[in-house]
Amino acid sequence: MKKNFSRIVSIVAFSSLLGGMAFAQPAERGRNPQVRLLSAEQSMSKVQFRMDNLQFTGVQTSKGVAQVPTFTEGVNISEKGTPILPILSRSLAVSETRAMKVEVVSSKFIEKKDVLIAPSKGVISRAENPDQIPYVYGQSYNEDKFFPGEIATLSDPFILRDVRGQVVNFAPLQYNPVTKTLRIYTEIVVAVSETAEAGQNTISLVKNSTFTGFEDIYKSVFMNYEATRYTPVEEKENGRMIVIVPKKYEEDIEDFVDWKNQRGLRTEVKVAEDIASPVTANAIQQFVKQEYEKEGNDLTYVLLVGDHKDIPAKITPGIKSDQVYGQIVGNDHYNEVFIGRFSCESKEDLKTQIDRTIHYERNITTEDKWLGQALCIASAEGGPSADNGESDIQHENIIANLLTQYGYTKIIKCYDPGVTPKNIIDAFNGGISLANYTGHGSETAWGTSHFGTTHVKQLTNSNQLPFIFDVACVNGDFLYNVPCFAEALMRAQKDGKPTGTVAIIASTINQSWASPMRGQDEMNEILCEKHPNNIKRTFGGVTMNGMFAMVEKYKKDGEKMLDTWTVFGDPSLLVRTLVPTKMQVTAPANISASAQTFEVACDYNGAIATLSDDGDMVGTAIVKDGKAIIKLNESIADETNLTLTVVGYNKVTVIKDVKVEGTSIADVANDKPYTVAVSGKTITVESPAAGLTIFDMNGRRVATAKNRMVFEAQNGVYAVRIATEGKTYTEKVIVK
C-alpha cells in the first residue's frame, strides 16, 4: 500500500511542474499527428515535429520512484543503464547516390529541474518477465551532460525495391542525470538535404519506372514520396510469384499454381534441385535475386515448399531466416519480395495447405458468418518497458478496439491469469477469422493458455480458418526436432478437411518484448485501413508492411525481428476480414479467337478480373470505374472454353465460362503448301491455287487475294488464312 501511495504522489506532484502535460497510465496511441512534412523539393525535405501526449509513469528503483516518459509514437531504444528517453522516427525518400545531412532549422523547449528519469532495461526478450528485471543505473548517470545529445539524427540509408530511403530520428527529450534536468522539446523543425559526397548503400535505376504494386508501400513508408517521382509500369503488372518446390512435390503443387494463375497472379514453378543440388540457402538467395532482376521487375512473391531439410532457411549467428531471401537491393533489411513457406514433411501435409488456401480464396460465401469474429490473447505481463509502455493486455485491448471500430462483430478476449487450452479450442471451433497473440511462447505452444501442438487435433474448425499475428518466442522454429506450433496449425486437419489456420506469422527465435508489439500494431492498422496510403490485401503485404514500421522505429532490434518473423502459408493469400458480399459481374458469354481485349463490367472497383485457359493466364485487369478491360497476352484456340474469374476484398469470388468462337491466330501451320514471309512491314503470302485472306487482331478482314499477296501492314498481330485443295490453314504473323 505504501508503494502505490508513493507512486500516485509522484505522478501528481510531477504533473504540476509541466503545466498541463499528463502523467498517467499508458493510453491508446496511433500515429503522431504533430509530425508534418513542411516541404519536399528535389534535393531537400523539411519536417516538423511537435510533442504529442507526453506522459510519465512512476516506477520503483534503487534510488526511489523514477519516471518513465512516453509520448505518441515514441520508442525506447536506449541502451541498458542509460536514461529512458524515447525517440520518434520518420522515413524519407532520398537521393539514389548522394550522402544526406540533417540540420535543425528551429526548435523550442522547456526545462524542468529535479527530475529522476528511470534507466533503461535494454532489449528484453519474451523469454523473460520484464517485471523481474531490475532498473540498474549505469555510468551515464555520473556524466554531467545531456543524453542522448543530438535532437535530430539520420540512420543509415536503406533501399526498398526502387527507392532509397533514410530515417530521420527526433530525440525531443534530453536529460542531464547529474543536474536532474529534463529538457522537453515541444517543437523541432529539420531540413534533410543532399550533399556533394557519395553516399552509402546506393541504388542505380536501370529504367525510369517502378513496379506499380509497390506504389502504396512507398507512399506509406516515405512521407515525402510522390507517385510522379517515376513513371509506373502498366497496371496490368499485378506482380509475379515463383513457387520453389522440391522435385518430389512438383506434381502436387499443380492445383495451387493453376488457381493462382486463374485468380490473376502470374505464378511459375521452379524445382529446387534445378537451382542447386544439394539445395543450399546461398543458391536459393542467388536464384531469387536473378529472378527479381529480370526485365519487368515484377517478382513480388516467393513461396517455398518443404521443410528446412528440403529448402533450408538462411542461418547466421542468432538468426534463422526465410525473410532474407526477399532482401535483394542494398545491404539493409527491407524486403523487395514477400516470402512465405508451405512447410511440409509429406504429400498430405502439402495437400491440406493447398486445399485450405484455394478454398479460402475461391469458395467462401455470404453464409460464412464466422468472418468478422476475432480472438485476442495476452499475457499478464509487460508495462513501462514495453512498446508505448503498454502491458500485453493493454496492447491487445487497443487492437480489439481497432477491430471493433473497423466492423468486427465479435471479439473474444483470453487474458491471463487463468486462460486454459479449452478457452482457445472453443474460440477456434466457434469460428474466428483473425487471432492476435501477445505473450510468451515455446517451440510447440503459447505460454498464455498452454495451448499447443498436442491440442491441435481437438480443433474442428473445418475451413473456418483464421490468420494469426503471433508475438511470442520460437512459435515458428521449423528447424526444431518436431513440428513447431506454426507448422502444426498449418498442417491440421479433421476427417480430411483443413483445420487450424490459413496463415500465421511466427518467429524462429526468442522475440524481443517491445519491438514486435509495434509491428503487430501496424499489421492490424493496415488490416483495418487506418493508413489510406497503405492499403494491403495479401497476408504477405500486411505483415511485411507492419514489420517495416517496426524496423523504422526500433532500428537494429527491429531488423533482427523482421528477419526471423516467418510467414507460414501463402504470402499472396487474399485476406478476408468480414462476411463477404456479392459482386455484380457481367461479361460476354463468347469471345472471338482473334480478339485482343475482353471487357468485364463489375460493381466493385479494385476487383481483379482474369481470363484463363485450364490454369494458364490469358489476361488480367483491375476493375476501374465499373469495368475491367482485359488485354489478351496469350493466343487462344477456337472451340474451347476459357474461365473468367473475378476476386475482390471481402467479396464472393465469381467464376464464369467464356466460349471461344471464330478464327484463331493460334493455329500455326508447318510444312504446308504455302509460304508466309515478313520483311519489315511487308507480309508476302504465296500458295498455288489458293484463296488468301489476312485478318487483324479484332477479326476484321484487311486484305484478300488469289495465289500471291503482298500486304503493307502496320505494327500488330495478324492472322493469315490460306484456303487450298479443300483445306484451310491459319498462321499467326507479327509485324513490329
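Cβ atoms here come from the backbone N, Cα and C positions, even for glycine.
According to its DSSP assignment, H440 (active site, proton donor) is coil. What Swiss-Prot records for H440 is active site, proton donor.
Annotation source Swiss-Prot lists active site, nucleophile at C473. In the shown protein chains, 23 other C-beta atoms lie within 10 A of the C-beta of C473 (active site, nucleophile).
Feature annotation from Swiss-Prot assigns Ca(2+) 1 binding site to D307, F478, E487; the stated evidence is a large-scale study or a structure entry. A helical conformation is recorded for E487 (Ca(2+) 1 binding site) in the three-state DSSP classification. Neighbour density for E487 (Ca(2+) 1 binding site): within 10 A of its CB lie 31 other CB atoms from the protein chains shown.
Taken from Swiss-Prot, the feature Ca(2+) 2 binding site covers V329, D332, Y334, E336, and the record attributes it to a large-scale study or a structure entry. Within its own chain, Y334 (Ca(2+) 2 binding site) has F158, I159, L160, G165, Q327, F548, V551 as residues 6 or more apart in sequence whose C-beta sits under 8 angstroms from its own.
When other Cβ atoms within 10 Å of the Cβ of E390 (Ca(2+) 3 binding site) are tallied across all protein chains shown, the result is 26. Feature annotation from Swiss-Prot assigns Ca(2+) 3 binding site to E390, H395, D521; the stated evidence is a large-scale study or a structure entry.
Packing around E522 (Ca(2+) 4 binding site) is summarised by its Cβ count: 26 other Cβ atoms lie within 10 angstroms of its Cβ, all protein chains included. Marked as Ca(2+) 4 binding site by Swiss-Prot: E522, E525, H531.
Here Swiss-Prot flags D613, E639 as Ca(2+) 5 binding site. Taking all protein chains in view, 19 other C-beta atoms sit within 10 angstroms of the C-beta of D613 (Ca(2+) 5 binding site). In the three-state DSSP classification, D613 (Ca(2+) 5 binding site) falls within a strand.
According to Swiss-Prot, the feature signal peptide maps to 1-24.
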Cβ-centroid neighbourhood (8 Å) of the Ca(2+) 2 site, V329, D332, Y334, E336 excluded: F158, I159, L160, R161, Q327, I328, G330, H333, N335
Y334 (Ca(2+) 2 binding site): secondary structure state under DSSP, collapsed to three categories: coil
Separation of alpha carbons, E522 (Ca(2+) 4 binding site) and H395 (Ca(2+) 3 binding site) (Å): 12
Additional residues around Ca(2+) 1, ordered along the sequence, whose Cβ is within 8 Å of the centroid of D307, F478, E487: H308, R341, S343, C344, E345, L479, Y480, P483, C484, A486, F568
Local backbone state of V329 (Ca(2+) 2 binding site), from DSSP in three classes: coil
Spatial neighbours of H440 (active site, proton donor), counting only the recorded positions D307, E390, C473, E522 and Cα distances within 10 Å: C473
Euclidean distance between Cα atoms of E336 (Ca(2+) 2 binding site) and D521 (Ca(2+) 3 binding site), Å: 22
Proximal residue to E525 (Ca(2+) 4 binding site) among binding-site residues D307, E336, E390, F478 (C-alpha distance): E390
Winner by Cβ contact number (other Cβ atoms within 10 Å) across the recorded positions H440, H531: H440
